[in-house]
Amino acid sequence: MPVGYSSPTQSEITEDLGLSVAEFSLFGSLLTIGAMLGAVISGKIIDFLGRKGTMWILNLFYIGGWLAIAFTKVSWLLDLGRFVLGFRNGIAGFLMPVYVAEVAPKNLRGTISALGTLMVCWGLSFMYVVGSFVNWRTLALIATIPGLLQLPLLFFIPESPRWLAKVGRQKDLEVALQSLRGDKVDISEEATEIKDYTESLQSASEGSILDVFQKKYIRPLLIFAGLLILQSLGGIAAIAYYSGAIFLSAGISSMVGLVTLAIVQTLLGALGISLVDKVGRRPVLLVCSAGLCLGSFLTGLSFLLQDFNCWDQGAPYFALIGLLLYMASYTLVAGMTWLLVSEVFPVNVKGSAGSICNFVSNVFNWIVAYFFNFLIQWSSAGIFFIFSAFCGASFLLGAAMVPETKGRTLEEIQASMFSHSME
């Protein structure tokens, strides 16, 4: 939800607090600056506190950040609230796919992960729609509600069995796994597989952050870090943070654009959920990457036509179609990338690999978020054509390097990729 907050509230916040373009750009980009810091420690935090323990801490950060924004009278407290929410996002963005991958059965792992991503997009859509009708302070107060509702639910969420195996809590592992699979399911075989594989990893590794730089892990680390960098340079931070202003610049009503965007994201996101475990991660990733590329290109084409005063009545519709296609594609592509990161890396290096991927992704998201308002003044068409080129590059990298992982347990995926290097 914090990602979509700046889009419908930009004009109100700027007017009420007297912010300049540079000051609002700082406010918008602070979400990503906080996420960078959270990303650096995300792997270590979820390994140290556990997946469930981290959820408790992040929920408090979430509520506190929104309250700071809702009641601020000065810009520095507004920025602090945004930074805190970003810090929380930096950790939560890695925690969610890791937890889902570690607790879900193999035949539902992709679907559940896609559902989690869809819920994030619902939050984004909620901000777009409700933010078009209510004051920015009211919107921030409304945003605290999910955090307040989640607090009592955390008492009933089981810890990750794979993390419990990692820290040697074997009895708790079986209890958590039984809770996840159901009382009548025989979990002995799955529990044994998790224990044995985790023990083999720990015997071959000292658990240092430097372990991720071993030869056997470097290739997947470079692939997924590169994929996330290209997706960030493809403009998601700019379009998610400032879509309302982009619609206005393209000659489209901000309210109409944001409401339509919310509807399309919801419908296509729901459709995508049914496909992930049927067609696989790789096809969904590639189709959505192509959608990002085409969506950016159409948006750039819209601005180019307007710059040359060509087809003034029809040109804005290219921007509308392009932005709808872009955000609908991103509804799934980000979730697929992080799901693959959480599936491919074994538990002994997952935290370190995730921290590195998370950090580099947020660094480039910050660059895009901060400089976008200046670059769109330089060339509205040019910046979207640049985004399209980076999205095209992410498609090529995915097509050439990303493996398929559907229908296999985490241990099977990781053994197929790394077992030859462990001998």
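From the backbone N, Cα and C atoms, a Cβ is placed for every residue, glycine too.
What TrEMBL records for 1-406 is domain 'Major facilitator superfamily (MFS) profile'.
What TrEMBL records for 20-41 (among others) is transmembrane segment.
Residues or ranges marked as transmembrane segment in TrEMBL: 53-71 (among others).
Nonlocal intrachain contacts for the transmembrane segment (83-100), taken as residues 6+ away from its ends with a CB within less than 8 angstroms of a stretch CB, comprise 2-3, 30-43, 45-46, 51, 54-55, 58, 61-62, 64-66, 68-69, 109, 112-113, 116, 160, 335, 338-339, 341-342, 350, 354-355, 357-358, 362. The feature transmembrane segment is assigned by TrEMBL to 83-100 (among others).
Within the same chain, residues 1, 3-5, 7-8, 96-97, 100-101, 104, 139, 142-143, 146, 240, 243-244, 258-259, 261-263, 265-266, 269-270, 272-273, 276, 327, 331-332, 334-336, 338-339 sit at least 6 positions outside the transmembrane segment (112-130) and bring their C-beta atoms closer than 8 Å to a C-beta of that stretch. TrEMBL lists 112-130 (among others) with the feature transmembrane segment.
Summarising the annotation, TrEMBL assigns transmembrane segment to 136-157 (among others).
Residues 3-4, 6-7, 10, 28, 31-32, 124, 212-213, 289, 292-293, 296, 323, 326-327, 330, 333-334, 337, 340-341, 344, 353, 356-357, 360-369, 372-373, 383-384, 387-388, 390-391, 393-394, 397-398, 401-402 of the same chain lie 6+ residues outside the transmembrane segment (221-242) yet bring a C-beta within less than 8 angstroms of a C-beta in it. Summarising the annotation, TrEMBL assigns transmembrane segment to 221-242 (among others).
As annotated by TrEMBL, transmembrane segment applies to 248-272 (among others).
Listed by sequence, the residues of this chain that lie at least six past the ends of the transmembrane segment (284-305) yet keep a Cβ under 8 A from its Cβ atoms are 231, 234-235, 246, 249-250, 272, 275-276, 311-312, 314-319, 321-333, 336-337, 340, 380-385, 387-388, 391-392, 394-395, 398-399, 402. The transmembrane segment annotation in TrEMBL covers 284-305 (among others).
Nonlocal intrachain contacts for the transmembrane segment (317-341), taken as residues 6+ away from its ends with a CB within less than 8 angstroms of a stretch CB, comprise 93-94, 96-97, 100-101, 109-110, 113-114, 116-118, 120-121, 224, 227-228, 231, 235-236, 239-240, 243, 246-247, 250-252, 257, 260-261, 264-265, 268-269, 272, 276, 281, 284-285, 287-292, 294-303, 305, 353-354, 357, 384, 402-403, 405. Annotation comment: TrEMBL describes 317-341 (among others) as transmembrane segment.
Non-local neighbours of the transmembrane segment (353-376) in the same chain are 21, 24-26, 28-29, 31-33, 35-36, 38-44, 90, 93-94, 98, 209, 212, 217, 220-221, 224-225, 228-229, 231-233, 235-238, 241-242, 245-246, 249, 341-342, 345, 382-383; each lies 6+ residues outside the stretch with a CB under 8 Å from one of its CB atoms. Annotated transmembrane segment per TrEMBL: 353-376 (among others), in sequence order.
Annotation comment: TrEMBL describes 382-402 (among others) as transmembrane segment.
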Between 53-71, 248-272, 382-402, who has the most Cβ pairs under 8 Å to the transmembrane segment (136-157)?
53-71
